[in-house]
Amino acid sequence: MRTLWIMAVLLLGVKGNLLQFELMIKKMSGRSGIRWYSDYGCYCGKGGHGQPQDATDRCCFVHDCCYGKVSGCDPKMAFYKYSSDNNDIVCGGNNPCLKEICECDRAAAICFRDNLSTYDNKYWNVPSETCQVESEPC
């Protein structure tokens, strides 16, 4: 029970419907999104500034940009419909906004999978000074 409470606290204040996104990341990469990507580089986790540190961090940068383009619903609170088929995620439902959020999460999960080899522990919990340079545009 204590583990569930800690997980719930960790999920507070982080972007997106984390449970669905977490499941997508786990399905596509075999890794826990919370454990591996919640505080990585300049963009993985809450907020994002500066230059992406590597291809994995760029996945988070692109995900942030994707969320920034969504209009008509809140990516931070939305629950969408999706299914997993073999090694892919299929976004469903009739709501275009929710489907767009799902596609943002799907693309990030695939990006994490495709860039597993770029993950470098030196970018875990980087000092905030590392991410102070001006961000590139989406």
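Any Cβ shown, glycine's included, is placed from N, Cα and C.
Copied over from Swiss-Prot, here are the features:
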| type | residues | note |
| --- | --- | --- |
| SIGNAL | 1-16 | signal peptide |
| DISULFID | C42-C131 | disulfide bond |
| BINDING | Y43, G45, G47, D64 | Ca(2+) binding site |
| DISULFID | C44-C60 | disulfide bond |
| DISULFID | C59-C111 | disulfide bond |
| ACT_SITE | H63 | active site |
| DISULFID | C65-C138 | disulfide bond |
| DISULFID | C66-C104 | disulfide bond |
| DISULFID | C73-C97 | disulfide bond |
| DISULFID | C91-C102 | disulfide bond |
| ACT_SITE | D105 | active site |
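By neighbour count, meaning other C-beta atoms within 10 Å, the densest spot among the disulfide-bonded residues C60, C66, C97 is C60. Each of the recorded positions D64, D105 was scored by the other Cβ atoms within 10 Å of its Cβ; the lowest score goes to D64. The highest number of surrounding Cβ atoms within 10 Å, among the disulfide-bonded residues C44, C73, C91, C111, C131, is found at C44. Taking C111 (disulfide bond) as the reference point, the recorded positions whose C-alpha atoms are within 10 Å of its C-alpha, out of G45, C60, C91, C97, C102, C131, are C60. Using CA atoms as reference points, the disulfide-bonded residues C73, C102, C131 were checked against C44 (disulfide bond), and the closest is C131.
The closest partner of C138 (disulfide bond) among the recorded positions, by CA position, is D64; the full candidate set was C42, Y43, D64, C102, C104.
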